Amino acid sequence: MADQLYLENIDEFVTDQNKIVTYKWLSYTLGVHVNQAKQMLYDYVERKRKENSGAQLHVTYLVSGSLIQNGHSCHKVAVVREDKLEAVKSKLAVTASIHVYSIQKAMLKDSGPLFNTDYDILKSNLQNCSKFSAIQCAAAVPRAPAESSSSSKKFEQSHLHMSSETQANNELTTNGHGPPASKQVSQQPKGIMGMFASKAAAKTQETNKETKTEAKEVTNASAAGNKAPGKGNMMSNFFGKAAMNKFKVNLDSEQAVKEEKIVEQPTVSVTEPKLATPAGLKKSSKKAEPVKVLQKEKKRGKRVALSDDETKETENMRKKRRRIKLPESDSSEDEVFPDSPGAYEAESPSPPPPPSPPLEPVPKTEPEPPSVKSSSGENKRKRKRVLKSKTYLDGEGCIVTEKVYESESCTDSEEELNMKTSSVHRPPAMTVKKEPREERKGPKKGTAALGKANRQVSITGFFQRK
Amino acid sequence: MTTLTRQDLNFGQGREAGPAGPGAGASGPAGFLERATGLCPPAVVADVLCEFLEVAVHLILYVREVYPVGIFQKRKKYNVPVQMSCHPELNQYIQDTLHCVKPLLEKNDVEKVVVVILDKEHRPVEKFVFEITQPPLLSISSDSLLSHVEQLLRAFILKISVCDAVLDHNPPGCTFTVLVHTREAATRNMEKIQVIK
């Protein structure tokens, strides 16, 4: 019964999910040894073909054997499509091994998807990538990272040396490829390449077999460090045409530094933005609405220190405006012209005339932005922007009163308007009988305060304003 | 190594399109980009999507044999080999098309991008639909997000590669076109802009 289960599994993968099932992928997925996976695939193909000869099934095989080329005997390992299998087999002098490499429903045009299939499953199993593998090396133990970087340099040098030796046999130029940047695999190639170096001299069948299995390991890209891509020309003979394209890509890609950088840039550079984000976002929001930000700050009445560059800039702008406008208007108490309260706040810490009480604000007169007026006019009915003064203790220990505009639902808008108009005349003629007391005590308080006074509230109500 | 190198180095909101995972889904709707909680800005997302769409279009042209295989060359993207065209005019055409799509992607106005294969009489024979939607917020760190995204894009490429298992052969002399379906709001906005102009 257990035998049937794997057949159903493979059937599901291939037929229902339209996946490419390589023997390596199958061995990781089902948790079986690679040789068992190969056997499973073969079994499945045989049964399927027997049951239904018209089944849409494409199979690729891994063929390896010795080949005589240009008078040299070399070992060839190739992944070939089923239709080319016989042709390749006939070229080999001795066929060392043939096994099913993959099964899929689609007719693949090139070997790229085969690599793609194995890539992710290998990446997720990097820690135990040789768990189900037929290739074992007792000497291959993980290195410390510091050692591995120095060893990879030696690895490159040894590769170049070997490449010059075996130039004649170069059909292919890559030693394998693999998931990039995996520390664990960087130590394995040294062991493998060491073995190749020792076998370079003797090209017997047996040694070829061993190197072939190692080549397969490398081929299947589980262990080869790709930082130093084997211009390793021991390996050149191991790859048939089908595999060649697969690996040449990676060699080309690795050789072309520019291209690699471009590829890596998307992944690398995308991480960089992370750092720039908080600052970037913050700045953009600040630049968008400096006025509102300032107004909010002023409303809170806490931010006297202009630590932010944005607020300083706007402050400077406002200061400049104030300087221009000041000579034009005489009255210092007018609150008829509602302007951004930032103006007031910046000026108020600079000490007002000494004789006046510290509570005295220094109202600045600036031409009222028409928009504010119109908006307040429009909001007459419901909410009104009212100039209120807020008193607080600033950093220097001075009590500062600032005038801020707050929206306030206004029930007696008419009176507010009247107050505004009357306040224009207030400074010269302190004879408004309605508010004698309040004027003496705090003649320079905000309009709102005056408004309240006109409404005949008690004096305690006046002080609550603070 | 695709030809796309544009990068905008800020993180902001991400985008997602449709469900897709390694081995899931048919060779039809796809496209996604996961959204980290406020990590990916629209510009980065649009860049990544445009790059992916460029690779996908090239791969579709290769797999469906719209153009002879001779013009294609193996390149590496998302750490796997992909086929990209070397023909300058074709590349320019695809790049220009996606360049126009990018602002719409940034504003999340794109509902789907469709690659249509047309026969000689300009009748559609096949459609490859990439749906683009906003996913729910995910709390993933940006590093794992990126590697996860790369993995999923690899799955896309794999799916496109095996799509001929479920598709019939195309007649000879096919051409292709790229259609961009925008959301309704975008159409209205564009109309508004045009009226003002």
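Backbone N, Cα and C atoms are what each Cβ position is placed from, and that goes for glycine too.
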**Fill in**
Of the ranges A:136-143, A:192-199, A:256-263, A:456-463, the one Swiss-Prot annotates as motif 'PIP-box' is A:456-463
**Prompt:** Which of the listed positions, A:Thr174, A:Thr311, A:Thr411, does Swiss-Prot note as phosphothreonine?
**Reply:** A:Thr411
**Asked** Which residue from A:Ser151, A:Ser285, A:Ser409 is recorded in Swiss-Prot as phosphoserine?
**Response** A:Ser409
**Prompt:** Between A:Ser158, A:Ser253, A:Ser307, which does Swiss-Prot record as phosphoserine?
**Reply:** A:Ser307
**Prompt:** From the set A:Ser73, A:Ser222, A:Ser389, A:Ser407, which residue is assigned the annotation phosphoserine by Swiss-Prot?
**Reply:** A:Ser407
